[in-house]
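Student: Straight out of Swiss-Prot:
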{"type": "DOMAIN", "residues": "4-240", "note": "domain 'ABC transporter'"}
{"type": "BINDING", "residues": "Gly36, Pro37, Ser38, Gly39, Cys40, Gly41, Lys42, Thr43", "note": "ATP binding site"}
Amino acid sequence: MAGVRLVDVWKVFGEVTAVREMSLEVKDGEFMILLGPSGCGKTTTLRMIAGLEEPSRGQIYIGDKLVADPEKGIFVPPKDRDIAMVFQSYALYPHMTVYDNIAFPLKLRKVPRQEIDQRVREVAELLGLTELLNRKPRELSGGQRQRVALGRAIVRKPQVFLMDEPLSNLDAKLRVRMRAELKKLQRQLGVTTIYVTHDQVEAMTMGDRIAVMNRGVLQQVGSPDEVYDKPANTFVAGFIGSPPMNFLDAIVTEDGFVDFGEFRLKLLPDQFEVLGELGYVGREVIFGIRPEDLYDAMFAQVRVPGENLVRAVVEIVENLGSERIVHLRVGGVTFVGSFRSESRVREGVEVDVVFDMKKIHIFDKTTGKAIF
């Protein structure tokens, strides 16, 4: 097995910079997620690691081997990188059986027939495909086809798996099941895996670490807890989480409040101290709080002083059964709360809303970078 390292990698297509100053280290055996919206550069990054695209600048290492460095004229072709890719499309050969589809990469490498048979059957057992080995792809469900595509990658025993949105063609229920299966499989095999997705749920539930990208730039790398609880900037904070984080413009006042114009909230002493030391008192900031950190006061699980209780008008209630997504307004300020199912708020009525000030985030108004 091997880790993967990118050092100051750029990719430019004409006048478009698809990837900019990308430096990332994926540890041996790690499940790394490349997460971001469409067009952020995540698939281009994966293709450069695979050798399907050549970087415009920078170095790429697989294990200790330098596989790409334009300045030194080094570019190792995909077949010599000991990687296996799984794509969004299953790319199975329709005229071949499941057995032959899985065996195909080994036949190309002229592996002895007996070894091919042994490895194919081992992989089929691992993926629950043993009973399907004689079937053709058209006779399989979407989930079964995806497992065959995975089997074809696994059977090669590569150093690194590269996966480009492999679950996006599956229906929602099957995606949930395949997420768990993929994570379990990666743990069993212990193979370094780099997985591209735009789906934050896939990223949060599957990855050891998540690399969040936007507009070709790496925004933050961290564990699911780190990128959720301590986002580096407003992009990461808003991209991860559903419903997304509330962002409100506010001014830090000299008496220790954040003032939204329509209402004020009392900062905790250590929060006000940090903002004071960094020169933010009297300045505009972006106040962030996740919907689950707002409570219907009747069911609040946190003890809150009166300064952090706000009376708001309920505009819309989305009943999800286990929770209620409540759209709220105070004058011209709007925000969203995720209330417990016991809350019976109705549209058009007023409700007292509790802000859990221990969970707030403050961002620089100009740069969007997190202050805390």
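Every residue, even glycine, has its Cβ placed from backbone N, Cα and C.
I'd like these features described in context: how deep, what's nearby, how far apart.
Tutor: Over the domain 'ABC transporter' (4-240), the average per-residue pLDDT in this prediction is 96.
In the structure as shown, the Cβ atom of Cys40 (ATP binding site) sits within 10 Å of 25 other Cβ atoms. A coil conformation is recorded for Cys40 (ATP binding site) in the three-state DSSP classification, outside any helix or strand.
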Student: In this structure, which of the binding-site residues Gly36, Pro37, Gly39, Gly41 has the fewest other Cβ atoms within 10 Å of its Cβ?
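Tutor: Selected from the binding-site residues Gly36, Pro37, Gly39, Gly41 on minimum Cβ neighbours within 10 Å: Pro37.
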Student: Taking the Cβ of Ser38 (ATP binding site) as the centre, count every other Cβ atom within 10 Å, in any protein chain shown.
Tutor: 7
Student: Pick out which of the binding-site residues Lys42, Thr43 has the most other Cβ atoms within 10 Å of its own Cβ.
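Tutor: In terms of Cβ crowding, the pick is Lys42.
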